[in-house]
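Asks: Below you will find the structure I want to go over with you.
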Amino acid sequence: MAGASMGLQVPSLNVCARKRCRLFWVSLVVLLLASSTRVAFSDSKYLVGLGSYDITGPAADVNMMGYAMMEQTTSGVHFRLRARSFIVAEPGKNRVVFVNLDACMASQIVTIKVLERLKARYGELYTEKNVAISGIHTHAGPAGYLQYVVYIVTSLGFVRQSFDALVDGIEQSIIQAHENLRPGSIYVNNGEVIDAGINRSPSAYLNNPTEERSKYKYDVDKEMTLIKFVDDEWGPIGSFNWFATHGTSMSNTNSLISGDNKGAAARFMEDWFEQNNSASSESVQSAAEGIPRRVSSIIPDVHSHPTKILSVAQRVRSALRKADKPSFVSAFCQSNCGDVSPNVLGAFCKDTGLPCDFNHSTCGGKNELCVARGPGYPDEFESTRVIGERQFRRAVELFNNATEELTGQIDYRHTYLDFSQLEVMVPKQGGGGTEAVKTCPAAMGFAFAAGTIDGSGAFDFKQGDDKGNAFWKMVGGMLKAPNEEQIACQQPKPILLDTGEMTLPYQWAPSVLPIQILRVGQLVILSVPGEFTTMAGRRLRDAVKQVLTNDKNEKLHVVIAGLTNTYSQYITTFEEYEIQRYEGASTLYGPHTLSAYIQEFQKLAGALVRDQTVEPGPQPPDMLSKQISMLTPVLMDTTPLGTNFGDCSTDVPMNATYKRGSMVSVVFWSACPRNDLMTEGTFALVEILQGTDTWVPAYDDDDFCLRFIWSRPAKLSSRSHATIEWRIPQSATPGVYRIRHFGAAKALLGSVRHFTGSSSAFVVA
C-alpha cells in the first residue's frame, strides 16, 4: 500500500512540477512584458513636481521695490509673498525648473546664490542652463535684494533680510518640487482675459507700423497661456500661467506687503482648488466639520516652547487636504507687461477729473497730477481683488477645459551676453540689405524720471521728452557726463543718467545679461531679463517661433517669461523708442535693444533645433561682498509701564456681535516685525471656538480678508502698535471668534523674546 501509494503520488508530483514550471515561465513572461510596458509608458511621460515657500521678507522700515519712492516703506502685510516652483523631467534625460516669485523682479545676485546652493545640494542637476527664476512684478514687496546701485538707491542700499528671504524661499520651493517629482502629465490651454489691462503708452504704440498694428485686435496682449499639472495618482496638483499686466493695482502710497493682482489670483486659485477638492477625504472632512474653509496649524505653543522661533513652524494651508498629498500650487506668471497697466479705467487728472494729456500723460504740464484708476477706484485693495479675480476666473476655465497634452522632449539653451557692445544686423533704413549696428552702455532718459500713469515721478519731467534740459543734464553730469559716442548711440534718448558707465562705489547697471529658452514638448518659454512692451514681445515670439517651426504648421505655445533671472528694465520696439515715453527712456541699451534680443534668441532657437551647444558667454559679476547697507537696525522694543507685548491697546467691545461683511479691528502693543519675519508663519490669526474651550485657527495673514498693519507713534520711537483688521467674509461660519497677534521683541542687549496676544471673544452672526 505504501508502495502503491508512492507510485500514485510520483506521477502527480511530476505533473504538478511541470504545471508549476509552465506557470513559472508564463508568469515570468507576463512580468517581463508588464515591466517592459511600464518602462515604455514611463519613458513616454514626464516626472512633475511642484513646490511653494514663503518669501514675504521684512514687514517694517524697508523701502518697497518698484515705484522708487523713498517714503514708501513696508509697515505690515496685506497677504504673504511666495516662491512657487515646478520641475518637469524626462526620466534619465533632461529636466527644467521654473520658479515664479511674488517679487518685483528676479535679481542677478539672488540667482547666482540660489544656483550655488543647488550645485552644493544636487551637483550639476540644476544649473543656470535649466533653471529660470521669474518675478510677477508686484510693486508692494521689500526692496534691497538687487546688486546694482541704481536699483537699491531708494532702499538705502542692500537689505540682507530681503535678500535672504528670497534665496532661502527659492531654494526651499525647488527642494519641495524636487522631492515631489512623480509620474504625471501636463496639459496646455489658451484663452483671452478681458478687462485686466490697458496700454499705458498708446502714443508710443501708435508709432509702430500701421500694417503691423492691423494684424492685432488689441493694443495689449490679452491671451493667457496655462499649463495644468496632473499627478498619475493624485490627479491635478497645480497650474502655472503667463499673462501680461503690471503689478501696479496697489499704488505708490501703499505700505502693506502684497502680491498685488497676480499674487491675489494665485491665492484665490489655490484656495478654490482646496475647497473644491476637500471632500475626497471623508475622515478629515468629518474631523473638520463646522470649521471655516481654511484651517492652518501655523503657530506652535509659545508657552511650552518659549525659546522656539515661531517662523520655523510649517504652514499647512488646508486641514481638509489629505496629509500625504502635495498641496496644490498655482502661479500667475508675468509676461510682456512693459506698457500694460491694470488700472483699466484710464488716466485722469487729480485736480480736474479730466483725462490726462495723451502724448505726455500730464495735467497742466505736471506729471504728478496724472494718475490711472483701477476698477475699484478709489479703493486700491478692491482694484487688486478685481484684477486678480479676472485672471483667476479665466485661469479656472482654462484649467477645467485643458485637453491638449504636452508631449515630446524637454530641452533648453542659455547664454550670457554683453549688451553694452553687442553687434546687431538690422535692415538698412529705406531698404536694400542689412547693416551692422551696436547696442550701447546702459543709460536712462529724461522720461524715466517722469514715471508712468501707474506711479508718477516728480519735478518738471514728462513722458515723451526727447530733448531734455540743460539744468538736469548738468545734475546728471555731476555723477557721470556721457561722451559724444554714448550720446550718439542712445539717440534720440536725451541721457539723464549714464548708468552703464558709472562704477562708484560699484556698477550702477548691468551689462552682462542672460537669455534662455526652456522647452517642454509644445511649450516654449522665453526667459527675458526685463519688461518687453506688447509689440516688442509679439516680435520676439514670432521670430523664435519661425525658427523653431521652420515655417511648418507645427503647433507651439511660445510664452515670454518677463523679469527673469536678472533685471535690466524695459525693451521697446525701435519705433516706440523714438517717442521716448517712460518705457523708451528706460530701454537701457539704445534703440537696437529689441533687435539684439531677437537676433540672439534666434541663435538660441537654432541651436535648440539643431541640437547644438552654445557658448556660455561672459559671466555676470558677483558683487555681494561689495554691497553697502544704510538701513538702521532694530535697537530695542519697549511698551509703556504696566503693559506687556501682546496686550490690547484697543480691544473689541465686550459681548460684541458682528455681521458678515463688517470689519473687526484690534490694536496690540507690538514690536518691530524685522525681529522675526514669521516665515511660513503669521503675525495675525483669527480663531474660532470649537466646543467649550478649543480655539481653532481659521484665517491668517495670508488671507485676503485679514490685514496686519504695523506702526510707530514716532519715527525713532521704540514703541509700536499692530493693528489687525478682519473684514469678515460672507463665507465665514457663524460662531465665537477671537483675534490673536504674534511677534518678537528685541531687548536692549540684543536678545529676542517671542510673545502672543489675544483679543476678547466676539460673535459672528
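Positions of Cβ are set from backbone N, Cα and C atoms, glycine also.
When I checked TrEMBL for this same protein, it listed these features:
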- 46-599: domain 'Neutral/alkaline non-lysosomal ceramidase N-terminal' (DOMAIN)
- HIS137, HIS246, GLU531, TYR570: Zn(2+) binding site (BINDING)
- SER341: active site, nucleophile (ACT_SITE)
- 601-764: domain 'Neutral/alkaline non-lysosomal ceramidase C-terminal' (DOMAIN)
Asks: Give me the sequence-ordered set of same-chain residues, not including HIS137, HIS246, GLU531, TYR570, with a C-beta within 8 angstroms of the centroid of the Zn(2+) site's C-beta atoms.
Replies: GLN334, CYS337, GLY338, VAL340, GLY530, GLY562, LEU563
Asks: What average pLDDT is reported by the model for the domain 'Neutral/alkaline non-lysosomal ceramidase N-terminal' (46-599)?
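Replies: Within the domain 'Neutral/alkaline non-lysosomal ceramidase N-terminal' (46-599), the model's average pLDDT equals 92.
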Asks: What's the CA-CA gap between GLU531 (Zn(2+) binding site) and the residue listed as 'active site, nucleophile' in angstrom, rounded?
Replies: 13
Asks: Taking each of HIS137, HIS246, TYR570 in turn, which of these binding-site residues have a Cα lying within 10 angstroms of the Cα of the residue listed as 'active site, nucleophile'?
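Replies: So the list is HIS246.
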